[in-house]
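Asker: Handing you this structure, nothing more for now.
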Amino acid sequence: MIAQLTAADLAAALLATAGWIGAAVTLGSGRLLLARALCALAVAASLARVATTVTLAAEGWWFAQEKVTLTLPLLLAGGVTAAILAGPRVFGGARPAGGPAVASLLTAGYAAAAGLIFPLLIGYPATWSAALLTVALVGAATLVTWRAAQVRVARAGTALVALAAVVGAGLAFVPGDTVDDGGVPSRLAAGQARPVSALRGPTEPAPGGTVRRHELTARRATIALASGRTVAAWTYNGQAPGPALTATEGDLIEVTLRNKDIDRGVTLHWHGYDVPNAEDGAPGVTQDAVLPGQEYTYRFLANQVGTYWYHTHQVSDRGVRMGLYGTLVVAPRGAASTGLDLTIPVHTFAGMVVFGTHDRVEARRVSPGTPVRLRIINTDSVPRRFTLAGTRYRLVAVDGNDLNGPGELGRDGLRLPAGGRYDLAFTMPDGPVALLAGDDLMTGLRLSPDGSAPAVENTADWPELDLTRYGTARGPAAPFGEENRHFTMVLDRGVRLSGGPKYAYTINGRAYPGTPAQVVRANDLVRVTVVNRGFETHPWHLHGHRVLVLAKDGRAPTGSPLLLDTFDVRPGEVWEVGFRATNPGVWMNHCHNLAHADLGMALHLTYEEVTSSFHDGHS
Ligand code: C2O
Ligand code: CU
């Protein structure tokens, strides 16, 4: 709802701007009928903006206020000016139009454009500085236009615009209200600081466990997909996806990473695995990137059962896209695995959606009655929709965490966030089963008793499953409401000047590395509010901790408790999540659309006693 409203509001602002400016141009060249039509369009679009703003405010949208106090008044002032000065010319039919009529229409256009520019330039929270600068910008454009139209402008007008500009610019340097930073904890006594590099994993497995030792060498290679097609990739051990790592609960996982020829360096990040901080693979934060010729050994206990994945965190957008990722699956101790257990990383290579290494349909023979578990991993940067046709099934785990009381699903669409995992379980029926990505009938997995791949029905109109209503609730939620730390993150885009001007992805108006850290103390109960003010989905991902979903758009989940490491904050959504701070370190907290992260949408969650001496620049 909010997403549609904000999109409609943006469209109306565009139409109003185009309408007024178009009317000015056509009136100036004497095309009266067209000018009338464009004026009517501009007026209708302006009224539509009033309606969308009122509705957004009624829906409780966080940012309706700035529309009510700034952009709407500007829009109306421009419209009234145009009505008075240009109305008689346009609708009275007097020809040819004079300077003031055309200039007033242009003014209305600038005022309408402010509604477009303001959200672009200004982050959250909106400041007086930004508001005054916006007014000054509109005023200056207006003055220039009126002079060009040879209309005398009162000195007072010029003075007011100048004043707005000066005060606005001045206020930009006054540190304003910041958003909730959680209350920065007190300074530490000297000698209490712990460096990240001291937070290493154990060197022995748990009793009864074994050591799972692997060597992964990052290098460029040409990989062959199942169809025979070849793709230039960045690989671990010449494969993309990299080697499938498996372990049993209690094992020690020990992986030595080497880099042969990935010039900008690589790391291994264990996505969703709450490893000790120095094993987390965040370059510039928990280690230096591993450059060609170097190595780094990661060690951690396999103490979380389920479906995970690993990927490079250095130049992560490019690196992961090119193939520097693989799967990590940990089985419970003592559970004999029966049936078919498939791990399926789904990735886009050179524009093709690939299941593992299958760029076309993969058909497998499975006898009826076999227990089947499909572990789907979305290794792309955008969400993907999956459907399972031909059988009833259960979504038994999300992000490696078992759901409580998952009910039977059938004709449902499963939307999997970037970086997220879904485990589907069912008993193989007598007929064929198909796993589709994006409802694409030409790719995906087919299971059947005879190994054939019969035609699949179209699944595109299956409705999307709402995870917050799936499964059954369990016990009282954790004691949130009494948390001792609360952070707010408003996600958006905006022009940022630090580190060279760019159109960045921002958190509370700032872009990494300029984003202030969220500072916590060990054992804090932390609540985080995440608001998406923009027009793109942001899959939010915190390292080192799983978060419990407390509410989405003000509504607590009614189904199974949801423990996630990646949750999709779609345009207009407001999420509340919580976690207990039990894993000391300096942790990345970022959007898992890795292109967004590279353009600033990241910050650190820092335990107050931990310091990092790595400053590699996390790019
Ligand atoms: Cu899967 Cu910080 O990443
Ligand atoms: Cu994002």
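Including glycine, each Cβ sits where the backbone N, Cα and C put it.
Grabbed the feature section from TrEMBL, which reads as follows:
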TRANSMEM  12-34  transmembrane segment
TRANSMEM  41-64  transmembrane segment
TRANSMEM  70-91  transmembrane segment
TRANSMEM  103-122  transmembrane segment
TRANSMEM  128-146  transmembrane segment
TRANSMEM  153-174  transmembrane segment
DOMAIN    220-333  domain 'Plastocyanin-like'
DOMAIN    506-607  domain 'Plastocyanin-like'
Asker: Is it true that the transmembrane segment (70-91) and the transmembrane segment (153-174) have 3 or more CB pairs under 8 Å, sequence gap of 6 or more?
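Answerer: The transmembrane segment (153-174) and the transmembrane segment (70-91): touching, no.
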Asker: Just give the helix, strand and coil counts over the domain 'Plastocyanin-like' (220-333), going by DSSP.
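Answerer: Computed counts for the domain 'Plastocyanin-like' (220-333) are 10 helix, 52 strand, 52 coil.
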Asker: Please report, as numbers and ranges, the same-chain residues at least 6 past the borders of the transmembrane segment (41-64) whose CB is under 8 Å from any CB of it.
Answerer: 1-2, 5-6, 8-9, 12-13, 15-16, 18-20, 22-23, 71-72, 75-76, 79, 82, 108-109, 112, 115, 119, 124, 126, 490, 531, 533, 554, 572, 574
Asker: Counting Cβ pairs closer than 8 Å, which of 12-34, 103-122, 153-174 has the most of them with the transmembrane segment (128-146)?
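Answerer: Ranked by Cβ pairs under 8 Å, first place goes to 153-174.
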Asker: So how many of the residues in the domain 'Plastocyanin-like' (506-607) end up helix, strand or coil by DSSP?
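Answerer: The counts are 5 helix, 51 strand, 46 coil.
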